[in-house]
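Structure below; questions to follow.
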Amino acid sequence: MGISSNGLLVGLVFSSLMVATYAGNFYQDFDLTWGGNRPKIFKGGQLLSLSLDKVSGSGFQSKKEYLFGRIDMQLKLVPGNSAGTVTAYYLSSQGPTHDEIDFEFLGNLSGDPYVLHTNVFTQGKGNREQQFYLWFNPSRNFHTYSVIWKPQHIIFLVDNIPIRVFNNAESVGVPFPKSQPMRIYSSLWNADDWATRGGLVKTDWSKAPFTAYYRNFNVIESKISHSFAEWHTNALDAPSRRRLRWVQKYFMIYNYCTDLKRFPQGPPVECRH
């Protein structure tokens, strides 16, 4: 099925008084936080890489915190046999009642697809996993992974195609991330105790170092949160809803809302609204 980007505005009509837009520079916007000399910034701040070897992985985080906005990052994931590795790209606040919005890319054997794992934590509680295969090889070229975070909902997008919407369900008692600013984090690390086929496939260290690349970081952030709350409230326009249904029909491989073994008393309340 062909996918056109036409119409994928996802309700993004911004007032210049309400948001600030800028394309990022990794030197200016991020700190390399762990992994020794494994994380690197190239090309005058336009390209960043993380590497993993048997000694250590690596990671970075944003200098700034954000409260609502759209965040885009292009990633090219570890190629070939990436089994056992996890590339995490997420927003998170701090503390035991932290909020978090997660993309995690679970590596696999050569020729097998990556698993894109998504989750939302509110007030320290997660367990809201949805997982997807992708409709392309994410290690061959750069692709754009985005989060739109508004008071009404959180939208996960891949190449501007919505794959998941987490709506604000505070009206039925479900906390929603809206008061804790978050930093952007990313890391590449070894998780071969669980990442690939539940830990059955281990990391092949003869293929190390494993390297993922990042570019074209971009943020549209709120200047005035009260004005931002008035931002176009419709989550998705009609073409975007069709693309969301397409992704969830053909590429979703796990949805916590339909896991009756895990929730024998019925799905969590936000799944029913």
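Using N, Cα and C of the backbone, Cβ positions are placed for all residues, glycine too.
Automatic prediction, not curation, is the source of TrEMBL annotations.
Okay, so TrEMBL annotates it like this:
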{"type": "ACT_SITE", "residues": "E100", "note": "active site, nucleophile"}
{"type": "ACT_SITE", "residues": "E104", "note": "active site, proton donor"}
{"type": "DOMAIN", "residues": "20-214", "note": "domain 'GH16'"}
{"type": "CARBOHYD", "residues": "N108", "note": "N-linked glycosylation site"}
{"type": "SIGNAL", "residues": "1-23", "note": "signal peptide"}
Rounded to a whole number, how many Å is the Cα of E100 (active site, nucleophile) away from the Cα of N108 (N-linked glycosylation site)?
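Per the Cα atoms, E100 (active site, nucleophile) and N108 (N-linked glycosylation site) stand 25 Å apart.
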Averaged over the domain 'GH16' (20-214), what pLDDT does the prediction give?
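Averaging the confidence scores along the domain 'GH16' (20-214) gives 95.
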